[in-house]
Amino acid sequence: MTEYKLVVVGAKGVGKSALTIQLIQNHFVDEYDPTIEDSYRKQVVIDGETCLLDILDTAGQEEYSAMRDQYMRTGEGFLCVFAINNTKSFEDIHQYREQIKRVKDSDDVPMVLVGNKCDLAARTVESRQAQDLARSYGIPYIKTSAKTRQGVEDAFYTLVREIRQHKLRKLNPPDESGPGCMSCKCVLS
């Protein structure tokens with residue numbers, strides 16, 4: 001059974017724990033209890049493959065930022081979560097993404113942008129802004145509500161699919177010897 005190491009990152013109070021607990025326990029956590037670091041495991045079937053999700057729910061508070069490098073090193077894929085009613089959390093996504101890329105020493109890291117709390121009427125981040133950001137990063141964007149469960153499975157399962165595609169790209173890099181100048185040896189005289 002394949003195991004996937006998923007890491008949930010984002011600013012404090014965006015609903016990282018609520019999303020994770022909704023996926024694992026089918027339960028919405030109403031009260032805010034700041035997380036330092038929690039780990040969850042769940043066996044699921046995604047596209048016919050039974051797999052084990054190893055999910056690390058991380059601290060959003062700045063005082064725990066020193067711990068980030070360590071869990072970013074071990075993570076295979078990242079859910080980058082912001083709250084649609086919190087512009088600052090949306091702006092913070094760039095910093096999380098840059099830190100992930102720096103720690104992984106790669107521009108090609110599986111990620112999904114997640115706009116949480118989409119059940120709320122009051123929104124300060126428009127869907128278009130999030131879609132544009134995701135497009136500029138070359139990653140999927142999923143709207144979620146930990147409260148109603150909307151998009152919760154989709155977000156985590158999409159990340160697993162991104163990890164699978166990433167692994168395939170690493171196993172089968174693009175063919176460098178295709179048509180064009182690289183494939184023939186030319187002698188100029």
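Backbone N, Cα and C define each Cβ position, glycine as well.
It is 32-40, from the ranges 32-40, 104-112, 149-157, 158-166, that Swiss-Prot records as motif 'Effector region'. Among the binding-site residues Gly10, Gly13, the residue whose Cβ has the fewest other Cβ atoms within 10 Å is Gly13.
All protein chains considered, the CB of Cys118 (GTP binding site) has 20 other CB atoms within 10 Å.
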